[in-house]
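Structure record follows, encoded as structure tokens.
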Amino acid sequence: DIVLTQSPASLAVSLGQRATISCKASQSLDYDGDSYMNWYQQKPGQPPKLLIYAASNLESGIPARFSGSGSGTDFTLNIHPVEEEDAATYYCHQSEDPWTFGSGTKLEIK
């Protein structure tokens with residue numbers, strides 16, 4: 001199975017600043033011109049919400065302050081400017097069978 005190493009485990013960012021979360025895959029996630037990397041946001045008591053799919057595509061209804069980049073084995077989620085409502089845990093996810101997830105990054109807003 002593909003292992004996703006996500007960092008940092010926790011992050012405290014001041015309101016209006018940038019949050020950057022990294023995810024490294026144990027093998028390339030590039031297939032047929034796409035990168036099979038997705039990013040989710042989860043708040044306590046709620047199901048995960050898809051933010052970014054195929055490395056850099058913004059899911060419908062998600063604010064443009066969320067952006068994704070990367071290819072191959074190295075991927076990044078950026079949030080800028082951070083808002084109070086962005087406090088949550090963020091997960092990277094690869095959608096090659098079998099699916100696997102990163103261990104999560106807890107974002108705190110200062």
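The backbone N, Cα and C atoms fix where each Cβ goes, and this holds for glycine too.
Quantities reported herein were computed from a predicted structural model and do not represent experimental measurements.
What Swiss-Prot records for 1-23 is region 'Framework-1'. Per Swiss-Prot, disulfide bond is recorded for C23-C92. What Swiss-Prot lists as region 'Complementarity-determining-1' is 24-38. According to Swiss-Prot, the region 'Framework-2' annotation covers 39-53. Taken from Swiss-Prot, the feature region 'Complementarity-determining-2' covers 54-60. The feature region 'Framework-3' is assigned by Swiss-Prot to 61-92. According to Swiss-Prot, the region 'Complementarity-determining-3' annotation covers 93-100. Sequence annotations record features per position, and here Swiss-Prot assigns region 'Framework-4' to 101-110.
For the region 'Complementarity-determining-3' (93-100), the partner stretch with the highest count of Cβ pairs under 8 angstroms, out of 1-23, 24-38, 39-53, 54-60, is 24-38. For the region 'Framework-4' (101-110), same-chain residues at least 6 beyond its ends with a Cβ under 8 Å from one of its own Cβ atoms are 4-15, 19, 21, 23, 42, 79, 82-84, 86-93. Secondary structure by DSSP for the region 'Complementarity-determining-2' (54-60): 0 helix, 2 strand, 5 coil.
Per DSSP, the region 'Framework-2' (39-53) is made up of 0 helix, 9 strand, 6 coil.
A simple way to gauge crowding: the CB of C92 (disulfide bond) has 29 other CB atoms within 10 angstroms, across all the protein chains here. C23 (disulfide bond) is surrounded by 28 other CB atoms, counting those within 10 A of its CB over all protein chains shown. Averaged over the region 'Complementarity-determining-1' (24-38), the predicted model reaches a pLDDT of 96. Break the region 'Framework-4' (101-110) down by DSSP state and the numbers are 0 helix, 6 strand, 4 coil.
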